[in-house]
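Chemist: Quick one: the structure is below, questions incoming.
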Amino acid sequence: MDPGLTRCGLGCVDVDPRRQVRLVEVGVVRTPPSQSPELRLLAITEVIEDWIARLGPSVVSIERVFAQDNLRSVIGVAQVMGTAMATAARAGLEVAQHTPSEAKAAVTGSGTADKTQVQVMVTRILGLEAPPRPADAADALAQAICHGWRGGGTGTDDATEMVSAGGAVRVSARTPAQRQWAAAQAAARRTGAVDPRRVRR
């Protein structure tokens, strides 16, 4: 999930034991700024509830946002994150969070990739005919792919847990994209290059 009050990106994928990713559904919830905040949050909550009921995910992964220049936008994002977490918890689902840099690194190999690069790689990974649009949709799918590939692993070895509709399974090797992601994460820890607080969006 790519949280936002005006546009909230939602993406659902299935990751199998062979580390193959399949698109289940993608969409963007739009709410008009003219509406009161509680009605906008209610509209987003109802869509999330519908997705959970129809698609039966095993985990909900939400983009973790550290800071933005626009205070009003920060408040809106935080409100959406809160309602999404509560909705997932009410359904008995685990909630995970990955930063934008982590999601970018997972799908492109670089935590500083731009939105076009993310769209291109999400399209390639999922075998889509066209890039997901708007960017919020691609970001939501990148978040889902990131968690599917990262799972509950620590990133300290070449084994990872893969999350799928059937649960988690331990596998012994990473895909090339996963190895790129791990390398990017290691570089971030050494240099701070992909620290989301240092990346201007």
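Cβ atoms here come from the backbone N, Cα and C positions, even for glycine.
Just so you know, TrEMBL annotations never went through curation; they're auto-generated.
These came from TrEMBL, pasted as-is:
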type     : residues : note
ACT_SITE : D2       : active site
BINDING  : D2, D136 : Mg(2+) 1 binding site
ACT_SITE : E63      : active site
BINDING  : E63      : Mg(2+) 2 binding site
ACT_SITE : D136     : active site
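Help me picture these features in the structure, burial and contacts included.
Modeler: Summarising the environment of D2 (active site), the number of other Cβ atoms within 10 Å of its Cβ, over all protein chains shown, is 26.
Cβ environment of D136 (Mg(2+) 1 binding site): D2, G4, R7, C8, G9, V28 lie under 8 Å away, each six or more residues apart in the same chain. For the recorded site, D136 (Mg(2+) 1 binding site), the DSSP three-state label reads helix.
The DSSP secondary structure for E63 (active site) is strand.
Same-chain residues at least 6 positions away in sequence with a Cβ under 8 Å from that of E63 (active site) are, in sequence order, M1, D2, P3, Q97, H98, T99, P100, A103, D139, A140, Q143.
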Chemist: Using DSSP reduced to three states, classify D2 (active site) as helix, strand or coil.
Modeler: strand
